[in-house]
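J.: What TrEMBL records for this protein is below:
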ACT_SITE  Asp556  active site
BINDING   Arg516, Thr528, Asp556, Glu605, His608, Glu627  N-acyl-D-mannosamine binding site
BINDING   His608, Cys618, Cys620, Cys625  Zn(2+) binding site
DOMAIN    74-413  domain 'UDP-N-acetylglucosamine 2-epimerase'
Amino acid sequence: MVAGLHSLLNRMSQVSEQELYSLRMQRSREKMERDKTELHLSQFKRKLRVCVATCNRADYSKLAPIMFGIKAHSDEFELEVVVLGSHLIDDYGNTFRMIEQDDFGIDSKLHTIVRGEDEAAMVESVGLALVKLPDVLQRLRPDILIVHGDRFDALALATAAALMNIRILHLEGGEVSGTIDDSIRHAISKLAHYHACCTRMAEQHLIAMCEDHSRILLAGCPSYDKLLLTHHKDDYMDIIKSWLGDKVQDHDYIVALQHPVTTDIQHSIKIYGLMLDALLSFNKKTLILFPNIDAGSKEMVRVMRKKGIEQHPNFRAVKHIPFEQFIQLVCHAGCMIGNSSCGVREAGAFGTPVINLGTRQTGRETGENVLHVRDADTHNKIYHALELQFGKRYPCSKIYGDGSAVPRILKFLRSIDLDEPLQKTFCFPPVKESISQDIDHILETQSALAVDLGGTNLRVAIVCMRGKILKKYTENNPRTFEDRMDLILKMCKDAVQDAVSINCRILGVGVSTGGRVNPQEGVVLHSTKLIQEWSCVNLRTPISDALHLPVWVDNDGNCAALAEKKFGHGKGVENFVTVITGTGIGGGIIHHHELIHGSTFCAAELGHIMVSLEGPECSCGSRGCIEAYASGMALQREAKMLHDEDLLKVEGMDMKICEPITAAHLISAARMGNSKAAAVLHKASTALGVGIVNILHIVNPSLVVLSGVLGSFYQEPVQQVISQRALTSAQTIRVVTSHLEEPALLGAASMVLDYATRRTY
C-alpha cells in the first residue's frame, strides 16, 4: 500500500513538472512575439517633424537651445528651420548668419520686412509674411510649429499655421508687459494649441485666458539653460575689452538697450533722448545697442546720431552682439538701462542692477535688481536712477528659469498625441496679479484717507502703507445729516490737499462708521442710537464724486478686525475674532483670511449675543446681551447706581464732586477694595467671557483680540472663563489685548491699502 502511494506521488510530480515546463515555454514564445511586434512598430514609427521659426536676434537666443536639443535627439525629432523678419536685413546685422554658424540647416528664408519703420510698415510686413508662409508650410508639412514671444512676425506665423491646421507651441505666452506686444502675445496664445511658459504667474494668466491647463507646460525660459551654464567664463574680460576697449574694468560700464514703444512712438523717442543725455552726464563707458525694427526705430537712431553717440569716446554703438558674448557683458556690467526684456528677465540671473525706462515692460515679473522709471520725463530722474543703481550687486534671481527648460520642452513634445483633435477646449479659472518696484513709489508714499464716524467725534487721517498715521483731523460730529456730510467732504478735501505737501499719494478713501453697513454698495443701512439721521445713507457716491477717488465703507467693528489683520495681532492668522470693548461691544470675524459680513450684513454683532434670558435691558431692545453687562455704558450705569447709594467711593479714592461718573471710577473702586464694584465687574467679565466662549464654539478661531479702552482690563478674566467653561479643544485659545491705538482709522485705511494696491504694472 505504501509502495502504491509513492508511485502515485511520483506520477503527480512528473505531471506538475511537465505543466510547469509547458507554461514557461508558452510565456517565452509570447514575450518573443511581443518584442518582435514592438521592434516592427518602432521601425515604422515616424519622427515628429518640428518646425522652428525665428524672426530676430532676440527670439533666436530663446529658440536656439531648443533647436540644439531637438538636433541632439534626431532619432525622435526632425528639425525644420524657417528664418524671416529682421534676421535677413543688413542694417540689423544679417543675424541669420549666426544660425548657420551654429550648424543649423535653414529650410526656408523669407524676406518679409517692408522697410519704413512705421506703423504702416509693420502691418504691411505681417501681410507680406502671410502671403509667403503658406507655400513654405505646405512644403515642409510640420507636425508642430514652435513660435516665440510677441513680435508681429510671430503673429503672422501663428495665423498662417492655425489656418492650415498645423499645431502650434507658443513660448513665453501669458506674460504681461505694457505695449502692443501684450495684444500680439495674447493673440498668439489664443491661436496656439500648446504653451511653454516661463513663470508660475504666466501659467496662471494662460489659465485665466481659458487655455487648457493640460496643454500648458511651466518650463522656464530656454535661454536660461545656456546663460546659467556659460556666464562664468574665465575669458569674460577679453570679451568686455573687445567691445569696450582695454581700459574698461569689471562692473564699471553700462549696457544700454532701448526699443520704441509702438503705442506711443513720440514719447518713447523723447525718453530715448533723455536716457542718452543722462548717460552722457553720468560719464561712464557705455555699450549701446541699436533698437529693434519696430515703428519709431529710425527716429531713435537719428536722435542717437544727432547727439554724436557713435563718435563719443565713452560710447560703443553696435547692431548685434552674439548671445554668448552679450551674456558676459550683461553679467559683468555695472548697470543695464533701457526697456529691453533682457533687463527684466536675463539680467536678474546675474544680479545685475537694471533701470527699466518707460512702459514697454510694464507688468513683467522682476527681481529686486530692477528699478522702474515709468514716468521718465526728466533727465534728472534718469540720472538719479543711475546714481542709485550703478555698481550695486543684487541676489541672483531665477524667476524665469532654473536651467532645465529644454529637457522639459522635449519631454512635452514627446507627449503630444497627433491623433487627438486640434480643437481647443476652454475653462475660466481665477488669475493672480503681480506687484513690482517703482521709483515713484520710492519717492512718494502710498497712503489712504481714513474716516471714522463716532458718536461724538468725526475724525479723518492720512495713513501710510505701514500703518503710521501721518496727519489727523478731529471735529465734533454734527447732529444733522446735511451738516455731517458737508463736514466729511470738507475735511477730506483738506486732507487731500495736505497730502501733496507731505509727499503722499492718496489711493482711496476708507470709512468706518457705527451701525449696519452694506460694504458692497457703500451704504449705511441702520445706525446706532449714538449717530442720529444716519440710516439709508449712501456714503460712497458723494465722497467719490467730490474727490474722484475709490471709496470703501464698513462697520467700525469690522474695521477693527481689518486693522488687526493688516497691522496687529491678526497679521498672518487665518482665523481670529476681534472684540471691541468700548462704549458698546462690537467686533469682527476673520475666517480663512476673509472678513465675514453675513447675508444681511449683520454678522459679528458680538455685543448682542445673549448670555442671559432675564438680564438687563440692552440698547437693541432685547435683554441679557453682552453689551448690557460689559460695555462702557453698562459699567457707567452700574457705577452711577452705586454712587447714588453712596456705595462707590472708598477711602483714598480721588473723586471730585462735579466729576461725571464713568466706568473708570467703577474699576478704580474695585481695585481699591470695594466689594460691590468688584462684584459688578466680575459679572461683566463673566458675561463677556461666556459670550466669547459661544463665539469659540461657533467659528473656532485660533485667536481672540480684545480692542478698545476696556480690553486690557477684560483680558485676564476672559481667559479664565474660557479655561473654565469652554470645551477642552477650545480652552487653549489665546486672548490678547490689541496694541493698536486707532483701530477704526487703521481698519478704514486697510480697506483702501489692501484693495487699491492689488494692481499690476
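Even glycines carry a Cβ here, placed using N, Cα and C.
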J.: Tell me, what is the mean pLDDT of the domain 'UDP-N-acetylglucosamine 2-epimerase' (74-413)?
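T.: Averaged over the domain 'UDP-N-acetylglucosamine 2-epimerase' (74-413), the predicted model reaches a pLDDT of 90.
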J.: Could you tally the C-beta atoms, other than its own, that fall within 10 angstroms of the C-beta of Asp556 (active site)?
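T.: For Asp556 (active site), the count of other Cβ atoms within 10 Å is 26.
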J.: To the nearest Å, how far is the Cα of Arg516 (N-acyl-D-mannosamine binding site) from the Cα of Asp556 (active site)?
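T.: Each residue's Cα considered, Arg516 (N-acyl-D-mannosamine binding site) and Asp556 (active site) end up 9 Å apart.
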J.: Looking only at Cys618, Cys620, Cys625, which of these binding-site residues has the biggest number of Cβ atoms within 10 Å around its Cβ?
T.: Cys625
J.: To the nearest whole angstrom, state the Cα distance for the pair His608 (N-acyl-D-mannosamine binding site) and Cys625 (Zn(2+) binding site).
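T.: That comes out at 5 Å between the alpha carbons.
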J.: Are there any residues at least 6 positions away along the chain from Glu627 (N-acyl-D-mannosamine binding site) with a Cβ closer than 8 Å to its Cβ? List them or say none.
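T.: In sequence order, the residues whose Cβ lies under 8 Å from that of Glu627 (N-acyl-D-mannosamine binding site) (at least 6 apart) are Gly584, Ile585, Gly607, His608, Cys618, Ser619, Cys620, Met633, Ala634.
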J.: I'd like the Cβ neighbour count for Arg516 (N-acyl-D-mannosamine binding site), meaning other Cβ atoms within 10 Å of its Cβ, all protein chains included.
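T.: Summing over all protein chains shown, Arg516 (N-acyl-D-mannosamine binding site) has 18 other Cβ atoms within 10 Å.
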J.: If you count Cβ atoms within 10 Å of the Cβ of Glu605 (N-acyl-D-mannosamine binding site), leaving out that atom itself, what do you get?
T.: 18
J.: Inside 8 A of the center formed by the CB atoms of His608, Cys618, Cys620, Cys625, which other residues of the chain have their CB, for the recorded Zn(2+) site?
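T.: Near the Zn(2+) site, the remaining chain residues are Gly607, Met610, Ser619, Gly621, Ser622, Ile626, Glu627, Ala628.
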